Amino acid sequence: MPTLDDILEEIGEFGRFQKQTFFVLCLLSAAFTPIYVGVVFFGFTPEHRCFSPGVAELSRRCGWSLAEQLNHTVPEWGGHGAAFGSRCRRYDVDWNATGLSCTDPLGSLAGNRSSVPLSPCQDGWLYDYPGTSLVTEFNLVCEDSWKLDLFQSCVNAGFFIGSMVIGYMADRFGRKLCLLITVLINSVSGVLMAFAPSYTWAVVFRLVQGLVSKGGWLTGYVLTAEFVGLSFRRTVGVIYQLAFTVGLLIFTAVAYVLQHWRWLQLAVTLPNFFFLLYYWCLSESPRWLITQKQNDKAMEVIKRIAKGNKKKLPLSFQHLKSEDDDGEKLKPSFLDLVRTPQIRKHTCILMYSWFTSSVLYQGLIMHMGIASGNIYLDFLYSALVEFPAAFILLLTVDRIGRRYPWAVANVLTGGACLVTALVPDTLYWLKMTAACLGRMGITMCYEMVCLVNPELYPTFLRNLGVLACSSMCDLGGIITPFIVYRFAELWHELPLVVFAVIAFIGGGLVLLLPETKGKALPETLEDAENMQKRRKENMIYLQVLTSKATPK
């Protein structure tokens, strides 16, 4: 009896039906962007200073410009990147007092500015920003700045938990049902977040979005791969991630137009309700139906695919064979990931690579949010470089291989981070160029680890291997806000130096993995263990053939 891949070769591996399905799922991928990197705009921290009662009236009486007002009334004022004191402390004086000099108001009170006592911002802050963000509305600055870190960490904690739960649900109850449930919960919680009355409720609703959104995105990724033939899986996987990049561009444009975070949240959430139409637009995965021994339903989907592709299903293909019909079905265990030496090495390196990809990708985006440039243009430029990253990947992985482009991408990212950190702000064009190259490099690393991870594990262990290794991606996302925002308080460019060290280590480690270009996927533990050995044997065999061909 034929397998599903045999049937797809007859009725179309990527015909009109699959293209339509792929398109509607790419919309889901693009809609995931505001949740994954939305903190850049939702949590934007503008320049700020303490609100001091009486300062505005004194400034009006003395006829000060804004610059003169800041120099006279704000401690240690120095513009962007000013010290903690200028943002989080104020002079403990009564600005409504009579007799204050307009030329040196503090000198008329204490004689020496340095002797004037400072106090915390008891009456709130003033923000140099025309819109609103979570930071400006809930005053997530100074002593409460850690709450912004917690906000983004909760999203990644939701990713970590939800990916496992949603992944199990998708395997247990089906891809389509799982996708619809995640879309509904994500949409409702997103709307509720837009009306959150407090910071606590905003975190709760964002956590709920994290619990379902990434799991839904991964389910769409799996569903896309399961509808197409073997020769198209790599292409649709890369393009599905490229749709996420398109979402970055759209999100940037919407954020530029809507600079108030609640309206922005509504604008990026409401379109998600249209994804509930998937109930009528999408079919269940035929591969999943076959694994559940629901061959009749799987055949109905296959006939729908054939009709959509305008192909006729041969009579000899009316009965299906499951890929696991022959032989005993092995049950995967977490111990299998570390039981044997080569797989143990692969697991450790892949976990570090997932961790590195997440920390650097999210970290570079978050660091852009606290940089001194135009956040909208910087975000746009860095998003655009993800397109050449995808095309370079498509051109190199089947020609050069996986390891060397992967290692080069890591080194490129690390070098770009160092250049961005060490180049002075006066050379803005050089800093921006280096930042874009770093973003391109880490995008390649991210897509490469997605490609290589399943190629290094045997069939029965493959899903568990990908799940366990990619979980480090979410753990990395949990600590990234603390690396970016807390380290930047010590030195604004310190996070970039940390990212460079992490990337250089990752570039060296991936060279220890076996090359998988042109190799069949391993079926057993023995196959996976011998991947490196087979490479060495092939090299020895080639040398023997070469020596025999050499004339004496």
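Glycine is no exception: its Cβ is also placed from the backbone N, Cα and C atoms.
As the structure is a computational prediction, the values presented were derived from the model and not from experiment.
Counting only same-chain residues 6+ beyond the ends of the transmembrane segment (21-44), those with a CB under 8 A from a CB of the stretch are 14, 129, 133-135, 140, 148, 151-152, 155, 179, 183, 186, 209-210, 213-214, 216-217, 220-221, 223-224, 227-228, 236, 239-241, 243-244, 246-248, 250-251, 255, 261, 264-265, 268-269, 271-272, 275, 278, 281-283, 362, 365-366, 368-369, 375, 379, 481. TrEMBL lists 21-44 (among others) with the feature transmembrane segment.
Averaged across the domain 'Major facilitator superfamily (MFS) profile' (100-518), pLDDT for the predicted model comes to 87. TrEMBL lists 100-518 with the feature domain 'Major facilitator superfamily (MFS) profile'.
The transmembrane segment annotation in TrEMBL covers 150-170 (among others). Sequence-distant contacts of the transmembrane segment (150-170), counting only residues of its own chain at least 6 positions beyond either end whose CB sits under 8 Å from a CB of the stretch, comprise 35, 39, 43, 134, 140, 178-179, 181-182, 199, 202-203, 206-216, 218-219, 222, 366, 463, 467, 470-471, 473-475, 477-482.
The transmembrane segment annotation in TrEMBL covers 177-195 (among others).
According to TrEMBL, the feature transmembrane segment maps to 239-257 (among others).
If you look up TrEMBL, you'll see 263-282 (among others) marked as transmembrane segment.
Annotated transmembrane segment per TrEMBL: 349-370 (among others), in sequence order. Sequence-distant contacts of the transmembrane segment (349-370) (same chain, at least 6 residues past either end, Cβ-Cβ under 8 Å): 36-37, 39-41, 43-45, 152, 378-379, 382, 410, 413, 417, 435, 438-439, 442-443, 445-446, 449, 452-453, 456, 465, 468-477, 479-481, 483-485, 488, 492, 495-496, 499, 502-503, 505-506, 509-510, 512-513.
Feature annotation from TrEMBL assigns transmembrane segment to 376-397 (among others).
Sequence-distant neighbours of the transmembrane segment (404-423) (same chain, 6+ residues past either end, Cβ-Cβ under 8 Å): 356, 360, 364, 392-393, 396-397, 430-431, 434-435, 437-438, 440-442, 444-445, 448-449, 452, 493-494, 496-497, 499-504, 506-508, 510-511. Residues annotated as transmembrane segment in TrEMBL: 404-423 (among others).
Taking Cβ pairs closer than 8 Å, the transmembrane segment (464-488) reaches residues 39, 145-146, 148-153, 155-157, 159-160, 163-164, 167, 214, 332, 334, 336-337, 347, 350-359, 362-363, 366-367, 370, 453-454, 456-457, 494-495, 498 in its own chain, all 6 or more past its ends. Per TrEMBL, transmembrane segment is recorded for 464-488 (among others).
For 494-513 (among others), the entry in TrEMBL reads transmembrane segment.
For the transmembrane segment (239-257), the most Cβ-contacting stretch among 177-195, 263-282, 376-397, 494-513 is 376-397 (pairs under 8 Å). Between the transmembrane segment (263-282) and the transmembrane segment (177-195) there are at least 3 Cβ pairs closer than 8 Å, counting only pairs 6 or more residues apart in sequence, which means the two stretches are in contact.
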